Amino acid sequence: MRIGVVTFPGSLDDGDAARAVRLAGADAVRLWHGDADLHGVDAVVLPGGFSYGDALRCGAIARFAPVMESLIDAARGGLPVLGICNGFQILCEAHLLPGALTRNQHLHFRNRDQWLRVESADTAWTNSFETGQEILIPVKNGEGCYVADQRTLDALEAEGRVVARYIRGNPNGSQRDIAAVTNEAGNVVGIMPHPEHAVEALTGPSLDGLGFFTSVLRALAGASAGASHAGGHQ
Amino acid sequence: MARVVVDVMLKPEILDPQGQAVANALPRLGVTDVSSVRIGRRIEIEFAGEPDLDRAREIADKLLANPVIEDFSIKVEDDAKAEVA
């Protein structure tokens with residue numbers, strides 16, 4: 001499997017994301033923001049960082065990068081896409097995910113290891129987890145406060161599209177402790193904390209982050225097996 | 001002068017922690033009669049020719065404001081003709 005990792009000007013965690021992809025057993029394909037060609041990858045990770053210096057709003061400029069024009073179409077067509085931190089902000093700006101990420105309520109940058117509860121194991125990026133599983137991965141953001149109107153939040157809850165919630169302390173004031181959400185089809189996931197920083201014992205607080213990257217390989221394997229047998233399902 | 005001004009403000013229901021921080025600092029200046037401060041963004045767009053309000057509205061809607069959390073208003077600066085999006 002070939003997983004693309006996009007680099008924007010100001011991306012920081014593209015190297016770690018590519019490393020996590022390789023540790024999960026896939027080939028990491030580096031994609032460039034100015035190149036609209038997705039090079040035939042099977043899934044894409046939008047990494048953390050400060051694309052375009054966070055000018056205007058986090059992710060607002062990146063959303064119009066040439067690579068995003070192709071990616072938005074591909075994601076609507078079912079391509080698995082994981083947005084981490086700034087990548088989550090970009091997915092919201094691109095309207096692939098509902099809501100928005102705003103300044104942390106306390107106005108401080110938060111950088112710590114964070115407990116999450118996986119609320120949905122039904123997405124392309126979380127099927128390796130059990131629903132209700134508690135995981136520990138780093139969080140580091142200044143604008144990670146997830147907001148949406150009450151109707152959207154209610155719909156996300158009702159449709160099982162809250163993918164992970166902060167537990168044992170909300171680091172940024174996110175509404176309903178939301179740390180990750182998915183689109184209706186479950187192929188696009190945005191998460192504020194950083195699974196790519198929790199894939200090796202030497203540098204991470206756990207190996208829990210690896211599950212996001214092994215999940216997409218399972219989803220892709222299942223999709224291709226399904227396609228050859230019964231016409232596919234995702 | 002072909003200048004269009006776009007004012008972007010957080011929607012009323014969205015918490016503005018920066019505005020709150022400023023409001024909380026005002027008593028240190030001896031100001032005690034302010035009940036709320038909200039912070040927005042003013043963007044000035046210079047057109048090469050005549051100011052194009054429709055074009056400015058398109059820019060504001062697609063890029064300058066995030067409709068999930070923000071409202072915007074547009075005016076041509078010269079004649080102070082304002083319209084709310």
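The backbone N, Cα and C atoms fix where each Cβ goes, and this holds for glycine too.
Remember, it's a predicted structure, so these values are computed and weren't measured experimentally.
Feature annotations, courtesy of TrEMBL:
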ACT_SITE  A:Cys85  active site, nucleophile
ACT_SITE  A:His194  active site
ACT_SITE  A:Glu196  active site
Set of same-chain residues at least 6 away whose C-beta sits under 8 angstroms from A:Cys85 (active site, nucleophile): A:Asp13, A:Pro47, A:Gly48, A:Gly49, A:Lys140, A:Asn141, A:Gly144, A:Ile191, A:Met192, A:Pro193, A:His194
Count of other CB atoms lying within 10 Å of the CB belonging to A:Glu196 (active site): 29
Cβ-Cβ neighbours of A:His194 (active site) (radius 10 Å): 24
Structural state of A:His194 (active site), classified by DSSP into three states: coil
DSSP-derived class (H/G/I helix, E/B strand, else coil) of A:Cys85 (active site, nucleophile): coil
